[in-house]
Amino acid sequence: MDSAERPLRIPPEMVIYAEKHDIFHLIQTLVRNLMVDKPDDPIQYLINFLERDNVDVPRIILLGPPASGKKTVAKKLCEHTQAIHITFCDILKDDSDLTRAAQSYYDKKQNVPKDLWIQLIQQRLSKPDCVQRGWVLEAIPKTQDEALCLQEAGITPDHVVMLEAPDVVLIERSSGKRIDPVTGDVYHVTFMWPESEEVAQRLETPRTLMPVQVMSQKLQKYHTEAHALKRTYHNCLKIINADQPHVDVFSQVLNFICTPRHSPSPYTPRILLFGPPGAGRNLQAKLIAQKYGIINICCGELLKAVSADESHMGELIKPYLESEQQVPSSIVLRVLTERLSRMDCTARGWVLHGFPRDVEEAELLHKSNFTPNRVFFLEITDDIAIERLALRAVDPVTGEWYHSVYKPPPGPEVQARLRFNPQHSEAQLLMRLKEYWSQTVRLQAFYPQAVYINADQDPHTVFESLESRLVGQLPKVLSNQQTNEN
């Protein structure tokens, strides 16, 4: 056959490698930085860029009205992510021609010109600490004009957090604000008093503490710009209610910044569905396949289909199926490898259930380069599983399934001809459940990023839970170093 006419085969390891190393996002980042920075020597620029310790660093903007807790959240955020905390006041402390020029405007109580303002931001963000570790901009920008200036300069955040609270709460917070002169940490006489008595004794009332009238004016000015800022950053913005304990506020902020933004990178679903008998794997796999056009592969049905086609592999499988014995893992893997290597699975993705049954089979699947990017465990109790299956029966005339509790037969005539599956007897189910649970703990350890779904719900509710974790990217996991330091 002419090589040009051969069917296209994309090795599965190519796709897995690209996803594992986030190649598509890397290329996008390289092109974006090239277009923004416009270096004279693009090749050397790319080499230097790729030699950095961390290409994908945090880029976060934290906005909110006065007294909303921006400083506290920003400092905690930087402790967790190792990013650099930046305020405009900190930028002005740098000794440079630009900062001295900006300070002269402040001394005259004049606004800093936009060109000078953006140069100051660019100068700070281009320093090695920000380049290597990322940054958190607190209260920058303050207006839509400033936000647009940042965009024109190529300063685009991955996440924007806007804190909100009622004005009454903010005014009360402002009046009770206290500062630790040693660390600069912000406390409050009512809402956030330090646990350490030593810290409490040295707290000071801020020299910039605003009277109620001035605070009200600042809030009004903030609100006039807030709506425009929301529109500017709508695609990466999260609004968080700041009128709650600061621990809860920070938890929500951290959860948001650990959630990657939607990526335009190609995404081919490779899904494993685990669950005990009666959990609804077949139904959920069917729903996923129907909605997203991916290939539904039930291992048991696939083996039956191969055994019926009178091929050499079918002749190997048939004796095991006829004697109701488990087909050896090596044979199952050969069948699955052939099926998962076809173009429809490579191009559209797949949802597999019924395999692997244990960690040894999971390792074989992994070594064959068919690594899933989503793993779900459907969870129900043994009592629910037995109730769902032991009370099911099929009408041999119509093929319709009935359940004595949830879907009783329409009349005595249908009731009389119903047939129960011998494998759904309580004794058989208990044996299958025992076998499933004996392997589950090790399988869960083998797939630490697996998602657990409560399957004791309406099937469409279960599907919505699956879907929410299927279409979105999985949250980032902080490194051990970052976790230990906090």
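Glycine is no exception: its Cβ is also placed from the backbone N, Cα and C atoms.
Not measured: the values here are computed from a predicted model.
If you look up Swiss-Prot, you'll see Ala67, Ser68, Gly69, Lys70, Lys71, Thr72 marked as ATP 1 binding site. Sequence-distant neighbours of Ala67 (ATP 1 binding site) (same chain, 6+ residues apart, CB-CB distance under 8 A): Leu170, Ile171, Arg173, Ser174, Lys177, Met215. DSSP assigns Ala67 (ATP 1 binding site) to coil, not to a helix or a strand.
Marked as AMP 1 binding site by Swiss-Prot: Ala139, Ile140, Pro141, Lys142, Arg202. According to its DSSP assignment, Pro141 (AMP 1 binding site) is coil. Long-range Cβ neighbours of Pro141 (AMP 1 binding site) (same chain, at least 6 residues apart, Cβ-Cβ under 8 Å): Ile61, Ala147, Cys149, Leu150, Leu229.
Asn282 (ATP 2 binding site) falls within a helix when secondary structure is assigned with DSSP. Among the features that Swiss-Prot reports, ATP 2 binding site is placed at Gly278, Ala279, Gly280, Arg281, Asn282, Leu283, Arg392, with the record citing similarity to another entry.
Summarising the environment of Val327 (AMP 2 binding site), the number of other Cβ atoms within 10 Å of its Cβ, over all protein chains shown, is 20. DSSP classifies Val327 (AMP 2 binding site) as coil under the three-state reduction. Residues annotated as AMP 2 binding site in Swiss-Prot, with similarity to another entry given as evidence: Gln325, Gln326, Val327, Gly354, Phe355, Pro356, Arg357, Arg432.
Summarising the annotation, Swiss-Prot assigns region 'Adenylate kinase 1' to 58-258 and lists similarity to another entry as the type of evidence.
Per Swiss-Prot, region 'NMP 1' is recorded for 87-112. Proximity of distant same-chain residues to the region 'NMP 1' (87-112), defined by a Cβ-Cβ separation under 8 Å and at least 6 residues beyond the stretch ends, is recorded for 71, 119-121, 123-124, 138-140.
Sequence-distant neighbours of the region 'LID 1' (176-205) (same chain, 6+ residues past either end, Cβ-Cβ under 8 Å): 67, 69, 71-72, 75, 246. Under the heading region 'LID 1', Swiss-Prot lists 176-205.
The region 'Adenylate kinase 2' annotation in Swiss-Prot covers 269-471.
According to Swiss-Prot, the feature region 'NMP 2' maps to 298-327, an assignment based on similarity to another entry. Averaged across the region 'NMP 2' (298-327), pLDDT in this predicted model comes to 90.
For the region 'LID 2' (391-424), the DSSP-based tally of helix, strand and coil residues reads 9 helix, 8 strand, 17 coil. Residues or ranges marked as region 'LID 2' in Swiss-Prot: 391-424.
Looking only at the binding-site residues Gln326, Phe355, Arg432, the one with its C-alpha closest to Arg281 (ATP 2 binding site) is Phe355.
Per DSSP, the secondary structure of the region 'NMP 1' (87-112) breaks down as 16 helix, 0 strand, 10 coil.
The binding-site residues examined here are Lys70, Lys71, Lys142, Arg281; by Cβ neighbour count within 10 Å, the least packed of them is Lys142. A separation of roughly 17 Å, to the nearest angstrom, links the Cα atoms of Arg432 (AMP 2 binding site) and Asn282 (ATP 2 binding site). Here the Cβ of Gln326 (AMP 2 binding site) has 9 other Cβ atoms within 10 Å, regardless of which shown protein chain they belong to. The Cβ of Ala279 (ATP 2 binding site) lies under 8 Å from the Cβ of Leu378, Glu379, Ile380, Ala385, Ala455, each on the same chain and at least six residues away in sequence. DSSP labels the residues of the region 'LID 1' (176-205) in these numbers: 6 helix, 8 strand, 16 coil.
Distances between the Cα of Leu283 (ATP 2 binding site) and those of the binding-site residues Ile140, Lys142, Gly354, Phe355, Pro356 are shortest for Gly354.
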